[in-house]
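Enquirer: One structure is given below, represented as C-alpha cells, and several questions about it will come after.
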Ligand code: OMP
C-alpha cells in the first residue's frame, strides 16, 4: 500500500465518509461498509480529497488531456482534482462536466467547461456494479473524444453483471484502466492494522467472500 492510500483511508474513516454498519447498495446488495463521498462537505475536506485523486492519477501514470466529472457527484470531484493537479503537480489540465437536464436557452447543450475532446479521464466516486459509469462512456463517444481511464475513490472489487469484477468488465469492454485511490483489498489490510477497527473485519471479509472477486 502506498503512503497516500493509507492516509486516504485514515482521512475517509476519521471523517465518517467510510462507515461500517449495514447498508443497502444501489445493486440491492447488503454491505457492511459504505463510502459516502458527499460527506467531504467542507472546503478543507474537498481540497484534501482533490490532492488524493491527483496523486492517484499521477502515480498510475495514465496519459490524459482532460478531466470529465459526470453529473452530479463527479462534478466537484473533477474540479477538486483539476485544482490539485495545477497546484501540486504543475499540470493545468482542462476539465468539463455534463448536466443531467438539457438546457434550451443561453449557450445550450449538456456540457459545461472545456471542450470534451482528446483523451478523457473520468472522475467519479465509487464503482460497485458499474452501472453509473457507463453513461460517461456514451457521452465521451458522442462527443468524438477518447476515454483514457476512470479515476475513483474506492474500487469495491465486486462482481459486476457476470463473474468478473465490474471494473474488470469495464476495463475489458472499453480498454481503459480504472484507477482507485484505494480498493477493498487495501481497506481490509488497513482494518487488520488498526486495533480499534478490527471488529469490522469479519463482516467485511464475509461480504468479500460472497460478492468479491
Ligand atoms: P454502480 O453504479 O453499481 O457502480 O454503483 C456506484 C454508485 O453507488 C455510486 O456512484 C454511489 O451512488 C453508490 N455507492 C456509494 O456511493 N458508495 C458505496 O460504498 C456503494 C455504493 C453503491 O450503492 O454501490
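Yeah, the Cβs are placed from backbone N, Cα and C, and that goes for glycine too.
All TrEMBL annotations are machine predictions without curation.
Keep in mind it's a predicted model, so treat the numbers as computed, not measured.
Just lifted these from TrEMBL, have a look:
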type: BINDING; residues: 26, 72-73, 99-100, 103, 105, 124-132; note: 5-phospho-alpha-D-ribose 1-diphosphate binding site
type: BINDING; residues: 34, 35, 128, 156; note: orotate binding site
type: DOMAIN; residues: 49-161; note: domain 'Phosphoribosyltransferase'
Enquirer: Name the residue among the binding-site residues 127, 129 whose Cβ has the smallest number of other Cβ atoms within 10 Å.
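Expert: Comparing Cβ neighbour counts within 10 Å for the binding-site residues 127, 129 gives 129.
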Enquirer: Whole-number Å distance between the CA of residue 34 (orotate binding site) and the CA of residue 26 (5-phospho-alpha-D-ribose 1-diphosphate binding site)?
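Expert: Cα to Cα, residue 34 (orotate binding site) and residue 26 (5-phospho-alpha-D-ribose 1-diphosphate binding site) are separated by 11 Å.
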Enquirer: Got a sec? Which of 100, 125, 129, the binding-site residues, have CB under 6 Å of any ligand 1 atom?
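Expert: Checking each Cβ against ligand 1, the ones under 6 Å are 125, 129.
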Enquirer: So which binding-site residues out of 26, 73, 100 end up within 10 angstroms of residue 128 (orotate binding site), measuring C-alpha to C-alpha?
Expert: 26
Enquirer: If you measure every Cα to Cα distance among 34, 35, 128, 156, the residues said to bind orotate, what is the biggest one in Å?
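Expert: Binding-site diameter by Cα atoms for orotate: 11 Å.
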Enquirer: Which residues, sitting 6 or more apart from residue 131 (5-phospho-alpha-D-ribose 1-diphosphate binding site) on the same chain, put a CB under 8 Å from its CB?
Expert: 26, 27
Enquirer: So, three-state DSSP: helix, strand or coil for residue 131 (5-phospho-alpha-D-ribose 1-diphosphate binding site)?
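Expert: For residue 131 (5-phospho-alpha-D-ribose 1-diphosphate binding site) - judged by DSSP and reduced to three states - the answer is helix.
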Enquirer: Between residue 73 (5-phospho-alpha-D-ribose 1-diphosphate binding site) and residue 35 (orotate binding site), what is the CA-CA distance rounded to a whole number of Å?
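Expert: For residue 73 (5-phospho-alpha-D-ribose 1-diphosphate binding site) versus residue 35 (orotate binding site), the Cα atoms are 13 Å apart.
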Enquirer: Can you work out the mean pLDDT of the predicted model over the domain 'Phosphoribosyltransferase' (49-161)?
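Expert: A mean pLDDT of 92 is what the model gives the domain 'Phosphoribosyltransferase' (49-161).
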Enquirer: Just to be sure I understand, if DSSP states are collapsed into helix, strand and coil, how many residues of the domain 'Phosphoribosyltransferase' (49-161) fall in each?
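Expert: Its residues fall into 40 helix, 37 strand, 36 coil.
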Enquirer: Checking your reading of the structure: which of the binding-site residues 100, 125, 129 lie inside a 10 Å Cα sphere centred on residue 35 (orotate binding site)?
Expert: 125
